[in-house]
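> Below are the C-alpha cells for one structure; questions will follow.
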Amino acid sequence: MGSSRRTINSCLRWMWYHRNYIIIVVLPLALLPLPLVIPTQEAKCGYAIILMALYWCTECMPLAVTALLPVVLFPMMGIMKAADVSIEYLKDSNMLFIGGLLVAIAVEQWNLHTRIALRVLLLVGVRPALLMMGFMIVSSFLSMWISNSATTAMMLPIASAVLQQLKATEAQADEREFQAATQDNQAFELEISKSKQEMSEEKHPDTKAQLDNGQCENGLSAESLQDSKRRVMDEKYALLTKGMSLSVCYAASIGGTATLTGTTPNIILKGQIDKLFPGNGDVINFASWFGFAFPNALIMLVLAYFWLLFMFLGFNLKKSFGCGVNNDRDKEAYKVMRQEYKKLGSVRFAEWAVLIIFVLLVVLWFSREPGFIDGWATVLFNKGGPFVSDGTVAIFMSMLFFIIPSQRPRCGGYGTDENGQTVNSPPTLLSWQVVHERMPWNIILLLGGGFALAAGSEESGLSKWLGDCLAPLEQIPPFAISLVLSLLVATFTECSSNTATTTLFLPILASMAVSIKIHPLYVMLPCTIAASLAFMLPVATPPNAIAFAFGKLKVIDMVKAGFMLNIIGILSVNLGVNTWGYAMFDMGNIPHWVNITNSKP
C-alpha cells in the first residue's frame, strides 16, 4: 500500500512539473470535437478563441506566442486568408502604442521621472499621511505616461529610503529621551536617596530590594520599557511600509487608466472600436478618453488614499498630518530626499529636450481633434477624411528622439566613450540599442492577436451568433448589465493578464451591445477600465508583484486592501459612464456607425 501511494505521488508530482507540456497537447485534442461535431465557421472560430483563452489563462506558453495562433488556425480552418490575418498585427493602434512607449523610454533613459518624483515629494513633506499622498500623486501621474511597472520599481526604493530614515531618526530621538530621563532620575535620586531610603525601610521594607534591582514602581525595568517601545515602533513602521508599498502600486494602476497610452487595455479598446465599427468617426482618441477617464481616475485615487490611510495609519489627523509642526525626525527624512535630489545634479540639456518633446506631444494629442472645435489635424490634413491620427502624432514626435542631440552643439570634443576614445559628435537622445532592450515587443504581438481574434469573429459570424444568444439581456436595465459585466471582468483579471482579459471580452461585449440595442461604449468603457482594477492578488499585475516582494506583504494584506478598492473602482467607473460619460458620448442614442460592418479587404 505504501509503495503504491509513493508511486501515485511521484506520478502526480511529475505531471505537475510537466503541466505546461500536458496542457499544450491535451487542450487542443479535448476541444477538437467542437469543430468536428458542429462543422460551421462559428464553431471553428469558437474553437480557436477558447483554445487561446485557456492558453492565456494557464500561461502554458508565452502570451505573445499564444497571440500568434490566429496566423496558423484561421487560414487552416478557412476562416480568413493568411495575408488578411497578418495585416491585423500592425494597425494604427499599435503605432500609437509604440510611439507612447518610445516617449516613456526616453523619459526613463534620462531619469526625468526621478527628478519629477523627488521634486513633488519635497513639496509635499514627510509626515506619514502627506508622504503617502505625495507618493500616490507622483505614481499616478508618472504611470499616465510610462509603464506602471517602471513607475512602481522606481518609486518603491525612494519610499523605502525615506521610511528607513524616519525610523532611524525616531529611534535616535527615543534613545536620547531615554538617556536624558535616566540622567534626570539619577540626579533626583541622589538628592533624596537618603530620606527616601529611610522612609522606605521604615514603612515598606521590600522597596529597598526593588530599587536595588533597578525596577520601576510598576515592576518593569527601564530596559524592558525601552524594548517594549522599540517593538511598538517596529510594528508601526512595518505597517507603514506595507501601506506605502500598496499605495504606490495601486496608484500606478489607477493612473494608467487616465490616458489612452497609459496601459494596454485602453489601446485595445481603441483598436477594437476602430476594427468592429470602422465608421465611428474616431470616437475614442486621446482627448475623448482623457475627458472620460481622468475624472474617474481622480475619484478612484482620492477614495483609495482615504481607504489606505484608514487601514494603515488610522484617522488621527494631528499625528498623521502634523498640522504644520516640523520636528527633528521630519527634518532628517526631508534631508534624505534633498540629498537624493542633489545627486541628480542640475537639469541637463537632454532632460530639457525630452521634457519639451513630451509636453509638445501631449498638447498635439489634445488639440488634434478636441471635439468642441476643429483641431489642427482637421484644418490642415483631415478635410478629405481621417488621414492623421494620434498614432501619426506619436510616431512623428518620437522620431525626434533619434534626431535631436543629447548635448548642446559646441566646438571641440564631447568627452570620451567607454573605450576612452574622443567623441566628436554628441549621441542622440535615444539609440536603437536602448529601444531594442527596453521595448516590450511581446505586447505589440498581444495587441495584434486581439485584433486578429476580433476580425476572425466578425468574418466567421461568431460575433453575430454571440450577440443573438445574449439578446434576452435586453430586458435587464443597462446600468445593471454594465455593473455586472464590470464585476465579472474585474474578477477575471485577478487571475489573468489584463491584456488577455480585454482582448477576449471586448468583441463579445460589442456584439452584445449591438444585439440588445445599447451604445457599445456603455459596456465596453467600464469593462476596459475594470480590466485594470487588479488589486487583490500579487500575481494579478507586475506592480502588485513588485510591491508584494518589496513591502514584506502577506497575501491577506493585499486581499483586504484590494477588495475594497475593486468595489470602489467598479462603482466609480459606472458612476462616470452614467453621468459625464453618458453626456460626452451621447450614450442615450444608438450611434449611426453601429450598423456599419467592417468591409472585407
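For all residues, glycine too, the Cβ spot is worked out from N, Cα and C.
Those TrEMBL annotations? Automatic predictions, nothing curated.
Keep in mind the model is a prediction, meaning the values are calculated, not measured.
What TrEMBL lists as coiled coil is 171-198. The transmembrane segment annotation in TrEMBL covers 21-40, 46-74, 95-112, 124-146, 239-260, 286-310, 349-367, 387-404, 529-551, 563-585.
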> Out of 21-40, 46-74, 124-146, 349-367, which stretch has the largest tally of CB pairs under 8 angstroms to the transmembrane segment (239-260)?
124-146
> Counting only CB pairs under 8 A, let me know which of 46-74, 95-112, 124-146, 286-310, 529-551 has the most with the transmembrane segment (21-40).
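Highest pair count goes to 46-74.
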> Of the stretches 286-310, 349-367, 529-551, which racks up the most C-beta pairs under 8 Å with the transmembrane segment (563-585)?
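Against the transmembrane segment (563-585), the leading stretch is 286-310.
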> For the transmembrane segment (286-310), could you work out the same-chain residues 6 or more beyond its ends whose Cβ comes under 8 Å from its Cβ atoms?
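Long-range Cβ neighbours of the transmembrane segment (286-310): 129, 132-133, 136-137, 140, 243, 246-247, 250-251, 254-255, 257-261, 266, 270, 320, 365-371, 390, 525, 529, 561, 564-565, 568-569, 572-573, 575-576, 580-581, 584-585.
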> Quickly jot the same-chain residues contacting the transmembrane segment (95-112) by Cβ under 8 Å, restricted to those at least six beyond its ends, or write none.
145-147, 150, 260-261, 264, 267, 270, 344, 348, 350-351, 354-355, 357-358, 361, 389-395, 397-398, 401, 406, 429-430, 434-435, 438-440, 443-444, 447
> Cβ under 8 Å, sequence separation of at least 6 from the ends of the transmembrane segment (46-74): give me the contacting residues as numbers and ranges.
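For the transmembrane segment (46-74), the sequence-distant neighbours (Cβ-Cβ under 8 Å, at least 6 residues beyond its ends) are 19-21, 23-24, 27-28, 31-32, 34-35, 80, 82, 85-86, 88-89, 441-443, 445-446, 448-450, 452-453, 456-457, 462, 495-497, 499-500, 504.
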